[in-house]
Amino acid sequence: MNSLLIITACLVLIGTVWAKDGYLVDVKGCKKNCYKLGENDYCNRECKMKHRGGSYGYCYGFGCYCEGLSDSTPTWPLPNKRCGGK
């Protein structure tokens, strides 16, 4: 019984540690813009969308930064792709 609890706790911790953070990208591969720095309802809403799986979002450096994103969510900078597709 104790072993089962320890294994479950480890799996939960691994899932938390492996969640990724980063800037959201738009369709052109650029950071999603925001203008109200710090706590930002728009960024928080965008990060928590079901298909992104983020836990929290805020505006940092005029871009929406998300914590706890799923691995499948693309973040800026995209590998081998520049902002604007060039």
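Placement of Cβ uses the backbone N, Cα and C atoms for every residue, glycine included.
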Partner cysteine of Cys83 (disulphide bond, per Swiss-Prot) from Cys10, Cys30: Cys30
Disulfide-linked residue for Cys34, taking Swiss-Prot as the record, within Cys59, Cys66: Cys59
Partner cysteine of Cys64 (disulphide bond, per Swiss-Prot) from Cys10, Cys43: Cys43
Residue among disulfide-bonded residues Cys30, Cys34, Cys43, Cys83 with Cα closest to the Cα of Cys66 (disulfide bond): Cys43
Top Cα neighbour of Cys59 (disulfide bond) in the set of disulfide-bonded residues Cys30, Cys43, Cys47, Cys83: Cys43
The domain 'LCN-type CS-alpha/beta' (20-84): DSSP-derived helix, strand, coil residue counts: 7 helix, 24 strand, 34 coil
Number of Cβ atoms other than its own within 10 Å, given for Cys64 (disulfide bond): 27
